[in-house]
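A.B. asks: This structure is in structure tokens; I'll ask about it shortly.
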Amino acid sequence: MTRTTRIDTQEATKHKDLPPVPSPLSLSSNPNPECLMESKSLGRKNFKKLSLDASPVKSTSGSLRSSDMMSIKEPTSLRQKRQRPPPILHLPTASSSATSTPTSNITGSSSASSIQFAQKSPGSGVIVSQTLSRPSSAGGIPSSGYSSLNVNQSNRNVDPDNVVSTDMILNQISNLDLTSMNHHRQHYQNSHHHLPTTNRKRQTVISSISPTKSSAASSSLEPQIQSLPASSQSPIATTSSLKLNNKDLLTLKQLGSGNSGSVSKILHIPTQKTMAKKIIHIDSKSVIQTQIIRELRILHECHSPYIIEFYGACLNNNNTIVICMEYCNCGSLDKILPLCENKQFPTFVLKKLSFAILSGLTYLYTTHKIIHRDIKPNNVLMTHKGEFKLCDFGVSRELTNSLAMADTFVGTSMYMSPERIQGLDYGVKSDVWSTGLMLIELASGVPVWSEDDNNNDDDEDDEDDAYVRQGSIAAERNGQNSPSRSRKNKQKGNGYNSYNGPEGILDLLQRIVNEDAPTLTNKINPVTKLPYDKYLCQFIDLCLIKDDSVRKTPWQLLEDKEHFFKGVEEGVYDKEHKSWAKKIRKCKV
């Protein structure tokens, strides 16, 4: 108790205006209320007596007025009496014209100059009303460069976490056009134009040509090749199925090579997918560059079970383009023919093959307005499942709506149609002619135009005769040796080719134009000693009509379901065909 009295005395000395703390009173068992109040009031003279009795009956001696009671219960506060104006936030606007815009866009009335909205405080649940006001120029008040945000009385009930920025309020609630911020931002960018900017590095994608864009609207093909970056390995342009990178491609073996490039079997390491990589050497000639881009474009846009699937392409710094495509493990038809029994394709295989080629040609022309222009055994591949696919669109030409015919002179001469040789306009029917010639070669095992029909020629001229030279190739395929071939190999080495030289090509072209079309009708198979299939001969004759106006289109030939193509779509020959394809696959291994 002594310690408490000492502390109270020290506190009292700090406040000189207060009287000293009186000593505690010893209260009896029944203390007097008046004495108790006197001790609690510290003996102050200005203390107003209060009654401790809670009963409604008041004593006559200690009665208080109602005004005194109210003053005690609700003490006055200077904060409540103070009349301070609401805070005004000055906000810059776009211009004087922007501030003088009528506010009818906000409230729906031309005389309205403020917006009221309610905001609920998540903590206390109190609804706080706020006012957004703008000085109106319609009432004669000159418009200033500021708008005012008026918050009623005080903002102490607003949750700070729920406060929205002024720009957002003006933009979302009052829909004001804050063009000043865009103006200041543009001014800042103009004034800081010397700051360094990061430019995104442009990558050239060779094959990502949108199929929806017309070729007329796109730029020319030649400048695209010339603008290719001279990097060591440009990124591979891929489809959506695979993400290719040149470092992820592992070469397994070489499949073949030609004048324009080579083909090899590769492995995509991340997916363990086997692919075929075609390397094309870029020539400085714009014609070669156009052919490369055309092949990439066609491969990228074609999606058909009868067309080889395209995975992507890349450009190397050694003037080569790498194309990754689907790998067909059985190879091309010219490699499959020597593996067949009797070096001839069975009739059921020829039916499946013809259906696949005509379906692929129909898809190319009807969907992309494309003619292949180079149908031959080298450009038809087969998988181990017996699926036939068209490839090598290097000399194909994409036709536009205004150009339905092509007038160029390219392709393999042996499979060219008469209208192409004569320099006439040709279309998709030219591929039908090439298909018929290829079927004769696969069915008989002997290349077309190889038989020497001019038996009256002298033997001394057989070395210079193109027919005899072609017959030497036929003898080679049958396992025989030809003296003319041995002499030619001594002169030209392994690069011996039939109809080599201007005279040979001229003889071949003259035969295609002047002689009757080749046929298997009424001919005997030299191996089986039996006539060829009747429907096969009829189908080949329809393909080899010399008058292209009478010759049928691929889709017209596919309509014949009762003769040559009977049972093909129904899968009558599927089991036998797959068994044959497996045998070919085993022979390839």
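Glycine residues also receive a Cβ, built from the backbone N, Cα and C atoms like all the rest.
Swiss-Prot lists Asp374 with the feature active site, proton acceptor, giving sequence analysis as the kind of evidence. Positions annotated as ATP binding site by Swiss-Prot: Leu255, Gly256, Ser257, Gly258, Asn259, Ser260, Gly261, Ser262, Val263, Lys278. Annotation source Swiss-Prot lists compositional bias 'Basic and acidic residues' at 1-18. The compositional bias 'Low complexity' annotation in Swiss-Prot covers 24-33, 92-121, 206-220. What Swiss-Prot records for 57-69, 127-136, 144-162, 221-233 is compositional bias 'Polar residues'. Marked as compositional bias 'Basic residues' by Swiss-Prot: 185-203. Residues or ranges marked as domain 'Protein kinase' in Swiss-Prot: 249-565. According to Swiss-Prot, the phosphoserine annotation covers Ser402, on the basis of similarity to another entry. Swiss-Prot lists Thr408 with the feature phosphothreonine, giving similarity to another entry as the kind of evidence. Residues or ranges marked as region 'Disordered' by Swiss-Prot: 1-162, 185-233, 473-499.
Surface or core, plus neighbours and distances: that's what I need for these features.
C.D. replies: Using a 10 Å Cβ-Cβ cutoff, Asp374 (active site, proton acceptor) registers 21 neighbours.
Residue density at Ser257 (ATP binding site): 11 other Cβ atoms are found within 10 A of its Cβ, drawing on all protein chains shown. In the three-state DSSP classification, Ser257 (ATP binding site) falls within a strand.
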A.B. asks: I'd like the Cβ neighbour count for Leu255 (ATP binding site), meaning other Cβ atoms within 10 Å of its Cβ, all protein chains included.
C.D. replies: 18
A.B. asks: Same chain only, sequence gap of 6 or more: which residues have a CB within under 8 Å of the CB of Val263 (ATP binding site)?
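C.D. replies: The list for Val263 (ATP binding site) reads Gln254, Leu255, Gly256, Ser257, Ala276, Lys277, Lys278, Ile279, given in order along the sequence.
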A.B. asks: Note the mean pLDDT of the domain 'Protein kinase' (249-565), expressed as a whole number.
C.D. replies: 78
A.B. asks: Around Gly261 (ATP binding site), how many other C-beta atoms are within 10 angstroms of its C-beta?
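C.D. replies: Within a 10 Å radius of the Cβ of Gly261 (ATP binding site) lie 19 other Cβ atoms.
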